[in-house]
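Structure, as structure tokens:
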Amino acid sequence: MSTDIRSKFLQVYDTLKSELINDPAFEFDDDSRQWIEKMLDYNVPGGKLNRGLSVIDSYQLLKGGKLTDDEIFHASALGWCVEWLQAYFLVLDDIMDESHTRRGQPCWFRLPKVGMIAANDGIILRNHVPRILKKHFRGKPYYVDLVDLFNEVEFQTASGQMIDLITTLVGEKDLSKYSLSIHRRIVQYKTAYYSFYLPVACALLMFGEDLEKHVEVKNVLVEMGTYFQVQDDYLDCFGAPEVIGKIGTDIEDFKCSWLVVKALELANEEQKKVLHENYGKKDPSPVAKVKELYNTLNLQGVFEDYENTSYKKLITSIEGHPSKAVQAVLKSFLGKIYRRQK
């Protein structure tokens, strides 16, 4: 991804933000305009922007040539819709998880003047997506498919979040409920669809493709998303907080993490007892005991094996696709996440 494309992408953010804070559907005064602007700047462009930039990247690989300014603008606008959706999920997710930091700074709802106003801000972020789509894509033949796609993916993500939340209900902590199949369901719906399938699906629609004919592409991307989340689970415990931008809390939050599922699979009865007694406790001492057990079970080595096997399987699936352009899109995606440290 050239720095030129990245800077053009960031310029499109400024354009979209300006349109939204001057939206004629609402009579903004200075206070509300400033609030929205601050809220957007704090939550939307702060991450790595991988999802958004992937729309441009994927479209470029499908087209196989230089993009016109118009194509760059439209691919960027779709990329920002993905980033807006992500911001909406994260703002609300942080409230639900009672998180403290996100992308190396305090979560939005933790700011003194924000608090629970963040819940409404999340709703506003979500409502910005159809406004961007309507303004810039209404005349396109694929407009309805785009709206459907974003609605579908939002539903899948919210449903995945629900499984995640009800599996970790306080007072009903039961590790025996956790398995690889539950983990996979949460990951597939909560992360894989919006982080992996959505950006590529946007590029395919923009390129004039029918998504119904690309079920195999969806399957590969969902697999990739699963692999990505396993990496995330691993980094939550073994990654350096200053590198990943947050302090991992999966153990304290009783999350159905790949690590705990694997630990339950590999542990003997005595070790399982340690997990049952310490997993999901907020104090540093039980957390340290869980981490110690993870080291005893060599989960770092188990993860390395998983990473290598997953990579080989994904490459085989990708190379089975008839279109070289689609292969390039999928390989580009995989290249961005293979062996990542954050």
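Cβ atoms here come from the backbone N, Cα and C positions, even for glycine.
Residues or ranges marked as isopentenyl diphosphate binding site in Swiss-Prot: Lys48, Arg51, Gln86, Arg103. In the three-state DSSP reading, Arg103 (isopentenyl diphosphate binding site) counts as coil.
The C-beta environment of Asp93 (Mg(2+) 1 binding site), restricted to residues of the same chain at least 6 apart in sequence and closer than 8 Å, consists of Ser99, Gln161. What Swiss-Prot records for Asp93, Asp97 is Mg(2+) 1 binding site, and it gives similarity to another entry as the kind of evidence.
Swiss-Prot lists Asp93, Asp97 with the feature Mg(2+) 2 binding site. The secondary structure of Asp93 (Mg(2+) 1 binding site), as reduced to three states from DSSP, is helical.
What Swiss-Prot records for Arg102, Lys190, Thr191, Gln229, Lys246, Lys255 is dimethylallyl diphosphate binding site. Around the Cβ of Thr191 (dimethylallyl diphosphate binding site), 21 further Cβ atoms fall within 10 Å across all displayed protein chains.
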For isopentenyl diphosphate: widest Cα to Cα gap among Lys48, Arg51, Gln86, Arg103 in Å: 15
Around the Cβ of Asp97 (Mg(2+) 1 binding site), other Cβ atoms found within 10 Å total 16
Compile a sequence-ordered list of residues in the same chain as Gln86 (isopentenyl diphosphate binding site), six or more apart from it, whose Cβ lies below 8 A from its Cβ; state 'none' when nothing qualifies. Gly47, Arg51, Tyr194, Ser195
With an 8 Å cut-off on Cβ distance to the Lys48, Arg51, Gln86, Arg103 Cβ center, who else from the chain surrounds the isopentenyl diphosphate site? Gly46, Gly47, Leu49, Asn50, Gly52, Glu83
Which residues in the same chain, at least 6 apart in sequence, have a Cβ under 8 Å from the Cβ of Lys190 (dimethylallyl diphosphate binding site)? Thr157, Gly160, Gln161, Ile163, Asp164, Gln229
